[in-house]
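Q: In case it's useful when we look at the structure, here is the feature table from TrEMBL:
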DOMAIN    51-429  domain 'Major facilitator superfamily (MFS) profile'
TRANSMEM  52-73  transmembrane segment
TRANSMEM  85-104  transmembrane segment
TRANSMEM  116-133  transmembrane segment
TRANSMEM  139-162  transmembrane segment
TRANSMEM  174-197  transmembrane segment
TRANSMEM  203-221  transmembrane segment
TRANSMEM  253-274  transmembrane segment
TRANSMEM  286-305  transmembrane segment
TRANSMEM  317-335  transmembrane segment
TRANSMEM  341-366  transmembrane segment
TRANSMEM  378-398  transmembrane segment
TRANSMEM  404-423  transmembrane segment
Amino acid sequence: MRERKIAKKLPWRFFFVIFIYNVKIERKKSFLILEYKKTSKKMTANIKKRKISALYLMAFFLNLHVAIPTYINSTFLENFIPKEFVGIIYTIGALLAIFAFIILPNLLEKYGNYRVGITALFVEFIAILGLSITKDPIFILVSFIISLVLIRVVSFNADIFLESLSSDSKTGGIRGFFLSTSSAAWVAAPVLGGFLLGNGNFSRLYLVSALVSLPVFFFLITKFKNFRDPNYDRMSFWKTLRLIWIKNDIRKIVLINTLLRFFYSWMVIYTPIYLKEVMGFSWSEIGLIFSIMLTPFVFLQAPLGKIADKYLGEKELLSAGIFILVLATAVLSFIKIPSFILWALVLFLTRVGASSSEVMSETYFFKKIDGTDSNLVGFFRMTGPIAYVISPLVATFILGFAGLHYLFLILGIIMLFGLWFSFSLKDTL
């Protein structure tokens, strides 16, 4: 009774004030929660940006590590085995890489992308270091094959990291810049490799190549040690192949990527031989020609990726790139003089086409999948080893009845199939 009397004596304004006070408190809580969410989103975005930047630097050092000895590997192997068997070593490495890609989804699910990546990189580092300190032929060949296989695995791991941080609307720009930073290493590597080799100092060459990979360890450990793996799709090789065959656009872009890797493998193996043995260029000249040749990868891929995201889509730029690649590659067969400028210019044009095609095929493929599709990413990366199995066999067959210079013309004709696939793609814009 006493409480009721007190309540009756309280003026209505008192309850109104209490009501307003509670409303203000709730509004303040809502404001604070909203601000927290905004701050949290900004922090998450900043963390993503830092991780993507780390991946760009990883791509540069990883590719520099690979690229320094790439154009000299064949010459190095000739010190231990006959020239005719060099291609077989690459084929063995490619076949083992294909097997590695088949089992990778299971390894990722069991151990995670970070553990698989750091382990593969460490073993590959030891293998390259071994090339610099031993002269035993068996050890050299085994180490070389291990390096060929595991460097592809590490590149695959980088793809998983990058895909987990990318959104479809920015895939072209992110992938383009990722490829550009990778390509910057390939531009610098031929000149650096020629300088390190000197008069045949292979030990110094492979030692520096091994040391260049150390920053990759640093970025992996500091930025991705606590990487949260997505739920990877577990699917057998044949089921993955069937899935790719059913998905029309993915099938076509995988075939285009296979052709592109076929082009790279053929050019990497036979262009240095042709320039050295037929045209008579020195290694220092060849290194400079290759550095000029590779500059389109640095300057074109990032802007083309952004253009594909916002304006044109991938189909048009992909088709234009393949067309330029076909024409420029075929023209190489008709250059009969050892002109430094002419060879540098035409090889430069081949890479204008190749760099455009590469960034568009990468962008298109990764817009069609997400980070859980490790089986599809593995198959997409498997096209490189497949090309390294097929291209030496095809080239060896052709060389049985045609001269070395005809390889460029025939390669240009083979690459025409890429246009047939690209014209029938469904664009993403």
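Each residue, glycine too, has its Cβ placed from N, Cα and C.
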Q: For the transmembrane segment (404-423), which stretch among 139-162, 317-335, 378-398 has the most Cβ pairs under 8 A?
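A: Against the transmembrane segment (404-423), the leading stretch is 317-335.
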Q: Quickly jot the same-chain residues contacting the transmembrane segment (139-162) by Cβ under 8 Å, restricted to those at least six beyond its ends, or write none.
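A: Those are 51-52, 55, 58-59, 62, 65-66, 73, 77, 80-81, 89-90, 92-94, 96-97, 100-101, 104, 108, 113-114, 116-117, 120-121, 123-124, 127-128, 130-131, 174-175, 178, 216, 224, 227, 371, 374, 377-378, 381, 384-385, in sequence order.
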Q: Please report, as numbers and ranges, the same-chain residues at least 6 past the borders of the transmembrane segment (52-73) whose CB is under 8 Å from any CB of it.
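A: Same-chain residues near the transmembrane segment (52-73) but 6 or more away: 128, 144, 151, 154-155, 158, 161-162, 165, 174, 177-179, 181-186, 188-190, 192-193, 196-197, 202, 205-206, 208-210, 212-213, 215-216, 219-220, 222-224, 268, 272, 286-287, 290.
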Q: How about long-range neighbours of the transmembrane segment (174-197): same chain, 6 or more residues beyond its ends, C-beta under 8 Å?
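A: Long-range Cβ neighbours of the transmembrane segment (174-197): 52, 55-57, 59-64, 67-72, 162, 165-166, 204-205, 208, 283-284, 286-288, 290-291, 294-295, 297-306, 308, 355, 358-359, 362-363, 366.
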Q: Can you find at least 3 Cβ pairs under 8 Å between the transmembrane segment (85-104) and the transmembrane segment (378-398), where each pair is 6 or more residues apart in sequence?
A: yes
Q: Same-chain Cβ contacts of the transmembrane segment (286-305) under 8 Å, 6 or more residues past its ends?
A: 71, 171-177, 179-180, 182-184, 186-188, 190-191, 193-194, 272, 275-276, 317, 340, 343-344, 347-348, 350-352, 354-356, 358-360, 363
Q: Look over the recorded stretches 116-133, 203-221, 253-274, 317-335, 341-366 and say which has the most C-beta pairs under 8 A to the transmembrane segment (378-398).
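A: Answer, by Cβ pair count: 253-274.
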